[in-house]
Amino acid sequence: MSTFVAGGNVSANGIRQHYLRYGGKGHALILVPGITSPAITWGFVAERLGHYFDTYVLDVRGRGLSSSGPDLDYGTDACAADIPAFAAALGLDSYHLLGHSMGARFAIRAAAQGAPGLQRLVLVDPPVSGPGRRAYPSKLPWYVDSIRQATVGMSGDDMRAFCATWSDEQLALRAEWLHTCYEPAIVRAFDDFHEVDIHQYLPAVRQPALLMVAGRGGVIEPRDIAEMRELKPDIQVAYVDNAGHMIPWDDLDGFFAAFGDFLDHPLV
């Protein structure tokens with residue numbers, strides 16, 4: 001039985017924020033996807049999270065059905081500030097925060113800025129690039145080329161050239177929704193991967209945090225984990241050995257197993 005409750009919109013931090021809600025009961029959990037992942041593409045993950053949490057999946061500004069266009073700020077600080085504003089708009093006075101990739105960077109920044117009610121963070125394979133650091137392994141044309149094709153119109157089969165290991169259903173959904181990713185927002189986020197050093201904010205994160213590392217992602221290396229442990233000594237680390245950067249797409253069971261009991265009870 002589906003745990004999907006409803007979609008909705010709230011006005012928060014000066015923009016329209018669209019979300020999908022799953023579960024509807026239990027402790028609140030906000031899920032912030034990655035750079036070109038509208039909320040609906042995380043539905044297969046949220047369906048399972050909905051068995052355990054009152055789950056809200058965000059369309060980050062410039063993506064999906066949230067506010068978009070040339071007049072918005074798509075920088076890290078603005079996107080991070082959207083998260084506690086969203087929680088406040090919905091009256092979520094206690095919640096966990098799960099971020100993947102770009103969303104994990106925003107989660108770190110939001111926690112460091114101060115996020116009332118935030119209890120625990122799950123940081124799924126966040127890019128660790130930044131000034132003076134090695135580049136993020138994915139390249140900007142991979143994103144831009146696929147967005148431009150989706151804007152014209154593309155099929156799931158067309159999308160296979162960009163995501164060769166995905167299922168037909170996953171490819172079709174991405175092909176359907178990728179055109180909602182506003183190209184300047186994506187470019188700004190990608191640039192911030194290299195221009196904003198997210199490590200600087202870790203010492204200000206007071207909440208317990210779990211770092212989930214993709215074993216085949218090429219994003220986080222042992223030296224990165226060591227540095228993050230120096231900056232936040234209590235950070236927990238879990239590995240999904242057989243997954244690439246898009247962990248749930250490669251190993252959904254491994255993704256949920258990696259939570260352990262960090263969120264108070266196992267998710268398997």
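In case you wondered, yes, glycine gets a Cβ from its N, Cα and C as well.
Positions annotated as active site, charge relay system by Swiss-Prot, on the basis of a curator's inference: S101 (among others). S101 (active site, charge relay system) falls within neither a helix nor a strand when secondary structure is assigned with DSSP, and so counts as coil. Over all protein chains present, the Cβ of S101 (active site, charge relay system) has 28 other Cβ atoms lying within 10 Å.
Taking a C-beta cut-off of under 8 angstroms and a sequence separation of 6 or more, E221 (active site, charge relay system) has no same-chain neighbours. Taken from Swiss-Prot, the feature active site, charge relay system applies to E221 (among others), supported by a curator's inference.
The Cβ of H245 (active site, charge relay system) lies under 8 Å from the Cβ of S101, D125, P137, S138, A214, G217, G218, V219, each of these being in the same chain and 6 or more residues away along the sequence. The active site, charge relay system annotation in Swiss-Prot covers H245 (among others).
Annotation comment: Swiss-Prot describes 28-251 as domain 'AB hydrolase-1'.
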